[in-house]
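Participant: Mind looking over this structure? Questions follow.
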Amino acid sequence: MNKNPFIVCLMGPTASGKTDLAIALARKLPFEIISVDSAMVYRGLDIGTAKPNEEELQLTSHRLINICDPSFPYSAGQFYKDALSEIKTIEIRNRTPLLVGGTMLYFHILEQGFSDLPTADETVRKKIQEEAAQHGWAKIHERLNAIDPKSAARINPNDAQRIQRAFEIYETTGQPLSSYQSLKRFKALPYQFINLILAPENRSWLHQRIEKRFDQMLKNNFLEEVRQLYNRGDLNSDLPAIRTVGYRQVWKYLSGEYDYEMMRHKAIAATRQLAKRQLTWLRRWPDAKWFNSEDKDLISQVVDYLKGIGM
């Protein structure tokens with residue numbers, strides 16, 4: 001019988017309702033929330049990351065939010081160390097860690113450690129090959145440079161095999177190949193992981209929600225938030241914080257590369273692509289219980305499930 005303590009992981013694509021559900025669960029069960037989000041770690045990235053607001057944070061605190069400046073490239077390895085520290089602190093308080101977010105690589109290294117690069121989806125591989133046949137591998141290399149400049153710098157523009165593999169990693173996981181380079185020393189944590197996946201059954205529901213949420217962000221002064229970052233003078237578009245979906249597109253708008261409508265269109269499209277990559281990874285997740293974002297009795301379903309397995 002497994003005597004290791006529980007960790008509950010609430011995963012899902014962007015805009016699926018994870019934060020609301022997590023706060024509701026933390027008010028009903030002895031949970032303390034740890035954010036598993038590669039963008040929420042940054043101070044000043046609030047509106048565009050859908051970070052919990054002050055009222056929500058007063059109701060239920062979230063660990064690993066607002067812990068570093070956008071000028072600092074926060075890594076998966078640093079997350080592993082920070083998360084382990086927070087998990088131990090919560091254990092001492094006789095509470096259960098509730099890990100919530102959509103950065104799948106972070107969940108992966110906590111639960112499974114890191115031994116090898118993930119395998120690519122055959123559909124993703126075929127798509128890349130078709131694009132290369134149409135535009136050439138040099139063009140694909142240019143695109144790789146935009147999303148993973150470190151890997152692109154190490155790969156010859158004519159090395160089709162390595163370009164394809166680097167692009168497969170990004171398309172499948174949403175993380176650049178270079179982010180995996182320092183992870184081989186990390187081992188899976190000795191806990192019982194309870195994996196909950198929150199996602200809508202209807203893809204159009206998620207697409208509409210993503211569009212509405214981004215438009216609401218714009219109404220909530222998202223442009224001004226990015227402008228403050230832009231005007232600092234010490235940040236640039238190659239930093240992970242500024243490459244975050246939404247921020248990247250508004251940055252290009254502020255620099256004159258996009259007009260307003262193009263910025264909006266590109267941001268919504270990029271967010272939908274992010275959700276698609278997250279779902280691709282989640283469908284392969286072992287031992288996970290799926291819940292439908294659209295269910296009206298979602299909270300009671302999840303609470304009943306957790307109580308049913310002994311929590």
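Keep in mind that glycine also has a Cβ here, set from the backbone N, Cα and C atoms.
Remember, predicted model here, so these are calculated numbers, not experimental data.
Reproduced below are the annotations present in Swiss-Prot:
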BINDING   Gly12, Pro13, Thr14, Ala15, Ser16, Gly17, Lys18, Thr19  ATP binding site
BINDING   Thr14, Ala15, Ser16, Gly17, Lys18, Thr19  substrate binding site
REGION    37-40  region 'Interaction with substrate tRNA'
SITE      Thr103  site 'Interaction with substrate tRNA'
SITE      Arg125  site 'Interaction with substrate tRNA'
REGION    161-165  region 'Interaction with substrate tRNA'
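I'm curious about the neighbourhood of these features; can you describe it?
Facilitator: Around Ala15 (ATP binding site), a 10 Å sphere centred on its CB holds 24 further CB atoms from the protein chains shown.
Ala15 (ATP binding site) falls within neither a helix nor a strand when secondary structure is assigned with DSSP, and so counts as coil.
A mean pLDDT of 97 is what the model gives for the region 'Interaction with substrate tRNA' (37-40).
For Thr103 (site 'Interaction with substrate tRNA'), other Cβ atoms within 10 Å of its Cβ number 21.
Arg125 (site 'Interaction with substrate tRNA') falls within a helix when secondary structure is assigned with DSSP.
For the region 'Interaction with substrate tRNA' (161-165), the number of residues in each DSSP class (helix H, G, I; strand E, B; coil) is 5 helix, 0 strand, 0 coil.
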Participant: Lys18, Arg125: which of these recorded positions has the highest Cβ count within 10 Å of its own Cβ?
Facilitator: Lys18
Participant: From the centroid of the CB atoms of Gly12, Pro13, Thr14, Ala15, Ser16, Gly17, Lys18, Thr19, the recorded ATP site, which same-chain residues not already listed sit within 8 A by their CB, in sequence order?
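Facilitator: Neighbours found: Gly102, Leu198, Ala199, Ser293.
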Participant: Looking only at C-alpha atoms, tell me how far Pro13 (ATP binding site) is from Thr103 (site 'Interaction with substrate tRNA'), rounded to the nearest Å.
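Facilitator: Just about 9 Å between their Cα atoms.
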Participant: Within 8 Å of the Cβ centroid of the substrate site residues Thr14, Ala15, Ser16, Gly17, Lys18, Thr19, which other residues of the same chain have their Cβ?
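Facilitator: Residues close to the substrate site, other than Thr14, Ala15, Ser16, Gly17, Lys18, Thr19: Gly12, Pro13, Asp20, Ala50, Gly102, Leu198, Ser293.
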Participant: Given a 10 Å Cβ-Cβ cut-off, pick out the one of the binding-site residues Gly12, Gly17 that has the most other Cβ atoms nearby.
Facilitator: Gly12
